[in-house]
Each structure stands twice: as C-alpha cells, then as structure tokens.
Amino acid sequence: MAKRDYYEVLGVTKSAAADEIKKAYRKLAIKYHPDKNPDNPEAEDKFKEAAEAYEVLSNPEKKQRYDQFGHQGVGGAGGFGGGGMNMDDIFSQFGDIFGGGGGGGFGSFFGGGGGGRRTKKGTNLRVKMKLTLAEIANGVEKKIKVKRHLIADGVTFKSCSACQGSGQVKKVVNTMLGQMVSASTCGVCGGSGQIVDKKPADADARGLIVKEEVISINIPGGVAEGMQLSMSGKGNEIPGGVAGDLLIVIEEIEDKVLQRDGNNVIFDLYVSFVDAALGASIEVPTIEGKVKIKIDQGTQSGKMLRLKGKGIKDINGYTKGDQLIMVNVWTPTHLSREEKEALEALRDSENFKPDPGNSEKSFFDKMKEFF
Ligand SMILES: [Zn+2]
C-alpha cells in the first residue's frame, strides 16, 4: 500500500504552524483512539498513521527532511526506521499532546482502562554510523560496540506495594473538560509495577547493569545521509517491560573523487586536448576499482559517458544506478616554444575551427537526456 502524504493524513497544509499540526493530530487521536474503537482494525490503522505523521511533522528536523525527501528522508523506506510506530511510541507522545504527566493520563480520557494496554519500553540507543560510498553502494555488514542497560543475572523482582503492581496511581484532577480520574505513572516503581527484591552487588537500584555488547548490523545498499535504521529490542532493557531499540543514524563520508547523485555517481574526467582529438584509452576510478574507458577520436568537452550499473543499489529494489563520466577537455596553460610553434602552424587549419551547430547537442540537451 502506498504511504499517504503526512500533510494529507493530518488534513493540514504544508505551511501549517506547529500549533495547527498539534491540534489536527489531537482531533484524529481522539477520534481513532483504540479505547473508543475497540476491535476496529481500520481505526487502529488510522490512529497509527496519524501518530506517525505527527511524529514527523512535529519535529522541525524531521519535517524539513520530509519536505525535502518525502517518506524516504525520514526512514519510511523499505520497512526501516521510523515507519510503522508501535502503540508504545504513540502513547508516549501523548504526554506532549495532552499535557499531563507522561501519557498515562490519556487512557482515562475516555474512562476506559487504557493503562493496561501499555507495556513499558526501555530507552532507545542511538549511534551514528559513518559509511564510505563503496559501503553505501552495495550494503555492508558492520559490527558496533554499544553500552546497553541490561537486567542483571540473578536479579529478582517483587510487586510494587505503592501501586499494587499496576504501575499507575490514580487521582482526580480538574481539567478543561471537567473532573476526571487521571492515572499517572507510579513514582516508586517507575511504572513497571515491580521493584527489585534481590540483586547482585554490581546492579543498580533498578536491577540493571551496563554491559558493552558487540552488535552486528546489515546495512542495506542505497542508504543516505540522515537515514535512520532501527534494530528492535537492541536498546536498553527495563524491568517489567520490553527493551528499547537501537537506532543507527547514517552519515556519508564524502568521497574524494566520486560524487553521489541519488543512485548515480558522477566522475569529472579531465582529458588532454590531444587525447580528445586523437582518441585514447583512459583509466577511471569507479566504486569497484579502476576500469578502462575509450575516449573516441574527436570527443568534445562536456560529453557524458555512462557506465551502466556502476552506481549505487536502490534501497527499495534490485536496480542499480550508473556512473556518469563527464568529459572535460583540458587546455594547456604552459607551452614550450616548440609546442607554441607547432600549434601556431595549426591555427588557421579549417579542422581546428569550432563548429558546434553541426552535430553536438548543447550541454542542457544532454543533461535532459541523461536524467
Ligand atoms: Zn509502583
């Protein structure tokens, strides 16, 4: 199914202010909230869709990436990254949307026992990963060291007496919609409903230890700067809940000779005036090493050559970009007396007079053909 435009999902325009976006989301969240629409998968999808749209459009950095690159820019491609929020993520947004402490209050908004729906989730870990063009082109397996909070071996838990194990404490609050019972996260157990009973000496009060782990990640080909991959459950563990995620933010290392343009790479080739006139076989760098290419006799400056399939894998499919070689004819800037004389002798030759109208297309026509 094609992803809907986030602005369309929230029913706002691109120029909508942060406040307007928030209001639009609030309306949809209330309309499609699972407590109001039990056993209605369509409503649940709408609810998730709106939450995902809000998650992006409420974050200035993500919004900018989305405006520029669409869903791909915010990791919505190929099932990686931000796409497809789970209910925990969504409920954790609500603290921000509906005011009130940490989202717990939302469940009671409709008088339903929404609190029981939530599972606590450990915090996410975020690492930056620098990749070379070659690694991006074909994908790569990387090993990274991360320090995770893990539940210590031998730790045991008992039910929290402050909240009777529910993780939430209820209180009556006055809101603009009248008096309501608000549930908030239990301060004693932090919402997990359980507290540490016995623990080894090196664990902290929550029964956690910090452990360095080596995690291996398969980076798919075609990732781009700023994309975020997510490894579910590889973040911090939390007692009585599920582990957070490990988020990997991609950074591209700029290549010294090859320039990325989407899935294509561009190489600026300089050939001598003599090679351009007589033709030559010239070595050029590609992502996979050097290859020889043929420069035809009479090649003009600005000609583009294409090495098919020598570009970058598409992140969504099996196609691959090309390498485009832009030929620049180098005019000598220093000449010996003999060279000057030789060229002087050719100055008036008919063959040396430019005649662009004849066969050569303009630079812009060629660009149109290539992209
Ligand atoms: Zn408690």
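Backbone N, Cα and C define each Cβ position, glycine as well.
Some features that TrEMBL has for this protein:
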BINDING   Cys160, Cys163, Cys186, Cys189  Zn(2+) binding site
DOMAIN    5-70  domain 'J'
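Cβ atoms within 8 Å of the centroid of the Cβ atoms of Cys160, Cys163, Cys186, Cys189 (the Zn(2+) site) belong to the same-chain residues Ser161, Ala162, Gln164, Gly165, Ser166, Gly167, Gln168, Val169, Gly187, Val188, Gly190, Gly191, Ser192, Gly193, Gln194, Ile195, site residues excluded. In this model, the domain 'J' (5-70) carries an average pLDDT of 86. Applying DSSP to the domain 'J' (5-70) sorts its residues as follows: 48 helix, 0 strand, 18 coil. Counting neighbouring Cβ atoms within 10 Å of each of the binding-site residues (Cys186, Cys189), the lowest count belongs to Cys186.
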